[in-house]
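Everything on this sheet refers to the single structure shown next.
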């Protein structure tokens with residue numbers, strides 16, 4: 001929605017409000033029913049913003065605001081993306097459609113976006129700026145519909161990304177342009193029934209036939225069937241097959257192959273069997289499928305060979321001799337999936353919070369005096385405590401997501417490990433936060449939160465999958481801790497200072513936390529940085545010590561880390577929250593002195609203190625006394641009060657057009673009135 005349309009929409013709402021009749025005066029002796037409730041737009045009831053909401057949006061979006069707004073307008077302008085709800089037109093999918101209807105609607109929307117140039121350059125225009133524009137467009141699409149985002153993500157980021165990064169010029173020339181134009185519809189066959197996160201353990205086998213110069217791909221057992229393959233059930237024409245490569249009886253590990261799975265008429269190709277994964281708790285606009293391969297032959301040239309190749313005579317060649325390093329190099333480009341998930345989780349948190357907060361600024365419940373007006377939900381301290389810390393966390397995670405994207409688009413082989421650690425950490429933390437946020441928003445909207453047209457309830461099912469795809473969150477956090485332990489051991493052995501991943505604080509004396517925690521101290525950058533670094537330092541030392549002790553007692557390194565999972569999870573959280581805080585602080589520091597910087601300071605303090613309040617490790621390991629922990633809890637309540645006047649301004653800075661919200665975010669009385677019954 002462009003600014004003029006948004007002004008017109010909100011002016012209409014305000015006009016209806018101002019035209020409402022004033023109840024007739026009644027003498028004190030008369031009995032009469034209370035006047036009916038009426039809707040008051042928060043733009044009328046709330047004080048004007050004290051800061052420039054457009055500037056805060058630029059901070060939170062980080063880049064390419066214009067691309068996002070163009071795509072929002074493009075989607076809102078097409079009947080394919082619109083539906084009527086509560087007498088108003090919204091840009092939202094119809095989740096009441098059947099699974100087949102949702103799938104076909106998703107493909108029609110892709111066709112519309114393709115025809116309007118939305119994907120131009122997504123695979124054929126290299127460079128960091130182009131990649132950031134692609135991320136921005138993808139985030140806007142995700143706000144509309146997760147199924148649409150996933151279909152595009154599988155096609156462009158997984159299938160297309162695999163060809164870009166695993167393939168070489170022969171693959172680029174043959175496949176990328178046709179992929180960008182959807183002449184080829186790609187999917188990504190990695191996950192199997194028996195193996196998800198453990199990619200090394202997949203059971204599909206590709207055997208090289210020197211006589212024909214082909215690879216023969218087989219599904220040797222039921223647990224090896226490819227599972228949850230987005231696009232495979234109905235629409236995909238080609239796939240990337242991940243399988244164990246066998247040459248002359250030697251397993252060379254996991255490699256990737258291009259294969260056609262359907263012909264131009266949509267018929268499944270010979271030697272391939274495909275089944276539908278069926279109805280799901282969400283994402284029913286995505287045709288997830290299962291695939292079996294029965295002696296499927298693919299040309300030698302279809303091996304994606306940027307890391308390793310097979311010569312015509314069957315000789316296996318790779319510049320990376322170490323098998324572990326080769327596997328790491330092979331999977332490094334796949335971090336784009338986790339980057340996308342981490343960032344999109346933040347935008348869906350913004351969507352849920354925008355809807356729930358606008359409702360809380362207009363819905364009243366109970367009065368505090370015998371004849372007084374009922375109180376706005378967001379004027380209750382308990383309701384503030386439910387939503388405002390989540391808003392602060394979402395803002396902080398916006399900064400973290402922007403940091404992650406900028407590191408990713410400037411990646412080099414030397415930064416692959418850093419990207420892996422940050423993307424794993426942020427993907428886990430952001431998606432957990434998103435699910436918690438959507439649940440809280442659903443409850444904060446009461447019964448209205450159950451209606452699919454109001455979005456927050458249905459989004460829980462749509463986004464639940466984020467916690468497990470592209471890596472189970474718990475496993476990702478253990479990988480983060482494993483990487484931190486490797487940094488710790490390397491620094492100890494080489495007697496060199498820590499460098500990278502923000503661990504430089506380990507090179508300095510341990511911070512000392514003041515015993516007397518005043519408000520000024522609690523809200524200071526120094527205190528917040530010190531206590532987050534102290535927690536991380538202590539947990540890293542404890543984790544290293546426990547793993548070492550278990551190894552001394554005879555456990556292998558792998559088993560020692562498995563047995564230390566509690567410390568590993570605490571350390572992963574400590575690293576993630578410290579990293580998020582640092583990125584948010586940097587955005588705050590870069591602002592000029594003024595009202596926006598003051599509000600950013602409130603959000604940063606809320607983020608830091610709510611993280612402290614929610615993590616028992618600060619008390620468990622003695623970083624805070626019980627009395628100081630109680631002070632922090634009280635300060636969170638005070639921060640809720642301080643942020644309350646800015647609530648509408650902050651969610652307005654999220655930049656989500658009105659049409660992408662829900663009826664409950666606006667005149668929910670009018671939306672539920674009799675004239676709108678059976679008109680949708």
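Just so you know, glycine gets a Cβ as well, placed from its N, Cα and C.
The model shown is predicted, which means the values in this text are computed figures rather than measured ones.
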Inquiry  = Looking at 1-33, 34-66, which stretch does TrEMBL describe as region 'Disordered'?
reply    = 1-33
Key: Spatial neighbours, same chain, of residue 470 (active site, proton acceptor) - Cβ under 8 Å, 6+ residues apart   = 334, 337, 338, 341, 427
Query = What is the three-state DSSP composition of the domain 'Acyl-CoA oxidase C-terminal' (528-661), stated as helix, strand and coil residue counts?
reply = 111 helix, 0 strand, 23 coil
Key: Helix, strand and coil totals (DSSP H, G, I; E, B; other) for the domain 'Acyl-CoA oxidase/dehydrogenase middle' (187-295)   = 6 helix, 53 strand, 50 coil
